[in-house]
Amino acid sequence: MPSRINPSILSADFANFERELGRIASADLVHVDVMDNHFVPNLTFGLPMVQRLQQVSPIPLDVHLMIDDADRWAPGYAEAGAYSVTFHAEAAADPVGIARRLREIGSRAGIALKPGTDVTPYLELLPNFDQVLVMTVEPGFGGQSFMPEMMGKLRTLARAVHVRGLDVWLQVDGGVSLDTIGIAAEAGADTFVAGSAVFGADVPAEQIAALRDAAAGHSHR
Ligand code: DX5
Ligand code: ZN
């Protein structure tokens with residue numbers, strides 16, 4: 001299975017998003033971190049910005065909502081045309097209902113788990129989702145260190161997806177770099193978010209290719 005590399009524009013130049021998107025056009029999707037300063041202690045941008053990014057991006061949008069009340073806000077991002085919308089389990093009253101709505105609108109539906117959130121209650125819900133995002137840092141900021149202790153969660157998910165014959169992407173987000181991507185791929189991740197590793201590189205396209213190769217070298221899926 002090919003590895004997907006999704007650069008996070010949280011580490012891009014916020015004054016030049018269109019140009020920054022051009023620098024990562026060889027990536028699979030662009031990861032868009034929406035933060036509300038309530039669910040996480042940081043504030044980025046909301047729906048109007050995502051609508052505009054959708055218009056100018058050369059690659060599909062992978063929206064990661066770090067906001068309270070996902071039930072209310074998530075569908076708007078699907079309506080904006082995002083290819084994938086991932087909301088946090090901790091911020092959702094009815095995760096299955098949100099996922100159903102996202103799919104009806106035409107987006108892939110993802111659910112994200114903070115490092116302290118147990119994966120077990122979500123295993124039986126897997127058929128309702130197209131992606132599970134395992135956070136490998138506390139959400140809120142780029143440039144933090146990868147938490148290898150999250151790999152057990154990924155292995156559990158990979159086993160469940162395999163046993164049930166599901167097509168659910170397993171995404172890791174936080175501290176992914178050439179040093180850590182192999183660990184995540186080995187544990188079963190197939191979709192990799194990288195912010196500082198990609199936008200901190202001299203040539204983002206080369207870094208994307210190197211990350212893809214590094215992940216493929218460790219993938220078991
Ligand atoms: C953190 C965000 C990440 C962030 C990752 O809350 O969800 O997407 O951009 O940045 P790096 O790759 O620098 O850890
Ligand atoms: Zn993210």
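Just so it is clear, glycine is given a Cβ too, placed from its N, Cα and C backbone atoms.
Fair warning: this is a prediction, and the values are worked out from it, not measured in the lab.
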Per TrEMBL, member of Asp173, Asp179, Asp190 binding divalent metal cation alongside His31, Asp33, His64: Asp173
Candidate with sparsest Cβ neighbourhood (10 Å radius) among Asp33, Asp173, the listed active-site residues: Asp33
Contacting binding-site residues for ligand 2, chosen from Gly140, Gly175, Ser196 when the Cβ sits under 6 angstroms of any of its atoms: none
Shortest C-alpha distance to Ser8 (substrate binding site) - which of the recorded positions His31, Asp33, Asp173: His31
